[in-house]
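Asks: OK, TrEMBL features for this one:
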BINDING   HIS122, ASP148, ASP152, CYS240  Mn(2+) 1 binding site
BINDING   ASP148, HIS150, CYS240, ASP242  Mn(2+) 2 binding site
Amino acid sequence: MNNSTSFVWQGRTDSEEVGDSRRWHHVVRPFDRTSQDGVALIGFAVDEGVRRNGGRPGAAEGPRALRGALANLPLLGEPALWDAGDVDGHRHSLEDAQQALASRIADVVARGCRPLVMGGGHEIAWGTFQGLARARPKCERLLIVNLDAHFDLRMAAQGNSGTPFRQIADWCQAQGRPFDYHVLGISRFANTQALFDRAAALGVRHRLDEHLQSAEQLVQAQAALAEDLARCDGVYLTICLDVLPAPLAPGVSAPAPLGLPLAHVEALVDQVMASGRVLAADLAELNPPLDEGGRTARVAARLVARIARGFAAR
Ligand SMILES: N=CN[C@@H](CCC(=O)O)C(=O)O
Ligand SMILES: [Mn+2]
Ligand SMILES: [Mn+2]
């Protein structure tokens, strides 16, 4: 961890409180050669993919804002928390940054830690996936669960924030491996027919945002997800913050008019974590310059803490 990441792990200390009043900033430690087990936080300070995709840049500042929001969260059963620093988008091309992320993921997995990556645009997914493929070569059936308004299956000569799962599909095909992709929260108003057709051709399972609003619809979505979770060897959980309604998550490149209720997103995250099969998770698209009142950073911190606690329970 370099100095630019260490200083944000500061916050409130309730020294006159009785009982356990510790917060994240009291326990997060730099990831180093002594780190073993627990959760390794990795920042992906990159938004070149968003820029290439014609979106609104700013997500490169996401990891810093997210650490700031996490610092004051109270502890509640998290495993050991390590900060493995940032992949810096200013020092790398996008492709090199994705490779650097993949290497860092392989490093932390080698120490028995679970990577929890904080974006950065959703181009983070191509890096996280490559890291997992490197770290877990024997995991044949890796289920990708994406909570997102978008498929991110675009065709483009250069990778961007809208292409990562198509890049993964191409890689799986070249390797003769299954492409196992389940997306929840898709908006009919934010994906072209070409993307729905590509998703169908690739065997992608998806659920629309408008079909995931009520408690009954959540139960149906969870039943379908449970089938996928039961037959996989490992899970990569990825969350695009634009899956949430714009009033809750204004700080993203493409805010969602409808989105999924936060309680549904949390129930889905808890279900995926409870499978005990999650190998890595990431959270994409936090864009601090667009984040009125830090609302998106707060909701992102809540999700990161939930995932970290879910790793403890495995
Ligand atoms: N990661 C985001 N991907 C979306 C962005 C859509 C937009 O900017 O409007 C996509 O490519 O579909
Ligand atoms: Mn999205
Ligand atoms: Mn996305």
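Placed from the backbone N, Cα and C atoms, the Cβ positions cover glycine too.
It should be emphasised that the depicted structure is a prediction, and the values quoted were computed from it without experimental measurement.
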Asks: Give me the Cα-Cα distance between CYS240 (Mn(2+) 1 binding site) and HIS150 (Mn(2+) 2 binding site), rounded to a whole Å.
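Replies: Spelling it out, the Cα of CYS240 (Mn(2+) 1 binding site) and the Cα of HIS150 (Mn(2+) 2 binding site) are 8 Å apart.
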Asks: Where's the emptiest Cβ shell within 10 Å among the binding-site residues HIS122, HIS150?
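Replies: The binding-site residues HIS122, HIS150 were compared, and HIS150 has the fewest Cβ atoms within 10 Å.
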Asks: Return one of helix, strand or coil for CYS240 (Mn(2+) 1 binding site), based on DSSP.
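Replies: Going by the DSSP assignment, CYS240 (Mn(2+) 1 binding site) falls within a strand, counted as strand.
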Asks: In terms of DSSP three-state secondary structure, what is the assignment for HIS122 (Mn(2+) 1 binding site)?
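Replies: In the DSSP reduction, HIS122 (Mn(2+) 1 binding site) maps to coil.
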Asks: For Mn(2+) 1, what surrounds HIS122, ASP148, ASP152, CYS240 with a Cβ no more than 8 Å from their Cβ centroid?
Replies: ALA125, ASN146, ALA149, HIS150, PHE151, SER161, GLY162, PRO164, PHE165, THR238, ASP242, ALA284, GLU285
Asks: Rounded to a whole angstrom, what is the C-alpha distance between ASP148 (Mn(2+) 1 binding site) and ASP242 (Mn(2+) 2 binding site)?
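Replies: Cα of ASP148 (Mn(2+) 1 binding site) to Cα of ASP242 (Mn(2+) 2 binding site) measures 6 Å after rounding.
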Asks: Checking the binding-site residues HIS122, ASP148, ASP152, ASP242: which ones have Cβ within under 6 Å of ligand 1?
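Replies: HIS122, ASP152, in sequence order.
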Asks: Can you tell me how far the Cα of HIS150 (Mn(2+) 2 binding site) sits from the Cα of HIS122 (Mn(2+) 1 binding site), in Å?
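Replies: HIS150 (Mn(2+) 2 binding site) to HIS122 (Mn(2+) 1 binding site), Cα-Cα distance: 10 Å.
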Asks: Using Cβ atoms only, which residues of the same chain lie under 8 Å from ASP242 (Mn(2+) 2 binding site) while being at least 6 residues apart in sequence?
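Replies: Listed in sequence order: ASP148, ALA149, HIS150, ALA249, VAL252, SER253, ALA254, PRO255, ALA256, GLY259, GLU285.
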Asks: Might you list, by sequence position, any residue in that chain lying six or more from ASP152 (Mn(2+) 1 binding site) with a Cβ less than 8 Å away from its Cβ?
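Replies: Expected: HIS122, ALA125, ASN146, SER161, GLY162, THR163, PRO164, PHE165, ARG166, CYS240.
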Asks: Taking the Cβ of CYS240 (Mn(2+) 1 binding site) as centre, how many other Cβ atoms lie within 10 Å?
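Replies: For CYS240 (Mn(2+) 1 binding site), the count of other Cβ atoms within 10 Å is 29.
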Asks: If you draw a 10 Å sphere on the Cβ of ASP148 (Mn(2+) 1 binding site), how many other Cβ atoms land inside?
Replies: 29
Asks: Compute the mean position of the Cβ atoms of ASP148, HIS150, CYS240, ASP242, which form the recorded Mn(2+) 2 site, and then list in sequence order the other residues of that chain whose Cβ is within 8 Å of it.
Replies: HIS122, ASN146, LEU147, ALA149, ASP152, GLY185, LEU241, VAL243, ALA254, ALA256, ALA284, GLU285
